[in-house]
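Asker: I'd like to ask you about the structure that follows.
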């Protein structure tokens, strides 16, 4: 049994130590994100037996952004299976920025990872759907199943993103021209942008992590969301590419599968035990929450979790 007092103490200590840490800045290339109050901070744990521990602004709803890639990858694995995902999308880190087109050029237009923009747009196109609206509704539904029914599209975030996503449109056309997009290019880009524009809070983000930790069963709803056999593929991708250019550093220092988003959220999974999540808008140069990384790492260290430990 996990000690409830110890878990609450871990999140309290992480929040107290790092919630006012200086450094980083909000993502400024998306107008909505630039205007989120930079002093916000939160950290939460959701365990596989459904207990919740949190500190800070844990009810504040923020843009899911790139963490949505985890949900869409999960749905693609359910739809077409792990071999097809690896064949059509790839399963390797790029070693390049998350929105880079260089990796596409170096590999004949094929994306390498579903957790960077090119691979994520391709993954969105891989979802079984007859049209854009069905594709979008299926992706929104998997987000809600994994994290909570309150996850919903923000029209304000979506509008802010749709008017500035020229780079992603270019990526979509490159994928399409190389034969690695499985629906209309602008449909894929539009739905991808929408999936990044949903709002979530820190407890819901930790619930997403706990659902993965529990082998695909949401510990708050007790409903199976994913096949257990698909979860290890998601966690492997998170370990390799979840924090972009910081992924290797994260694996070395923290040793947990993780995923960040430029909305300031960050997620880590302790398989079989819990999800840990944090939120704070200021980002490092790779697009990861400065305080969020510190808070999640602190919780993991205090509790002694690292998948590489014997």
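Glycine is treated like the rest: Cβ placed from N, Cα and C.
What you see is a predicted model, and the numbers here were worked out from it, not measured in a lab.
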Asker: Check Swiss-Prot: it lists 117, 161, 168, 192, 244, 262 as binding substrate. Then name which of 54, 58, 66 it lists for that same site.
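Answerer: Among the candidates, Swiss-Prot records only 66 at this substrate site.
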Asker: If I take the alpha carbons of residue 161 (substrate binding site) and residue 294 (N6-acetyllysine), what is the distance between them in whole Å?
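Answerer: Cα-Cα distance, residue 161 (substrate binding site) to residue 294 (N6-acetyllysine): 28 Å.
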Asker: Around the Cβ of residue 117 (substrate binding site), how many other Cβ atoms lie within 10 Å? Please give the count over every shown protein chain.
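Answerer: Residue 117 (substrate binding site) is surrounded by 24 other Cβ atoms within 10 Å.
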Asker: Looking at Cβ-Cβ distances, which residues of the chain lie under 8 angstroms from residue 192 (substrate binding site) while being 6 or more apart from it?
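Answerer: Result: 120, 121, 124, 168, 172.
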Asker: What Cα-Cα separation, expressed in whole Å, is found between residue 294 (N6-acetyllysine) and residue 244 (substrate binding site)?
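Answerer: The separation of the Cα atoms works out to 16 Å.
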Asker: Which one of these binding-site residues has the most other Cβ atoms within 10 Å of its own Cβ: 66, 168?
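Answerer: Selected residue: 66.
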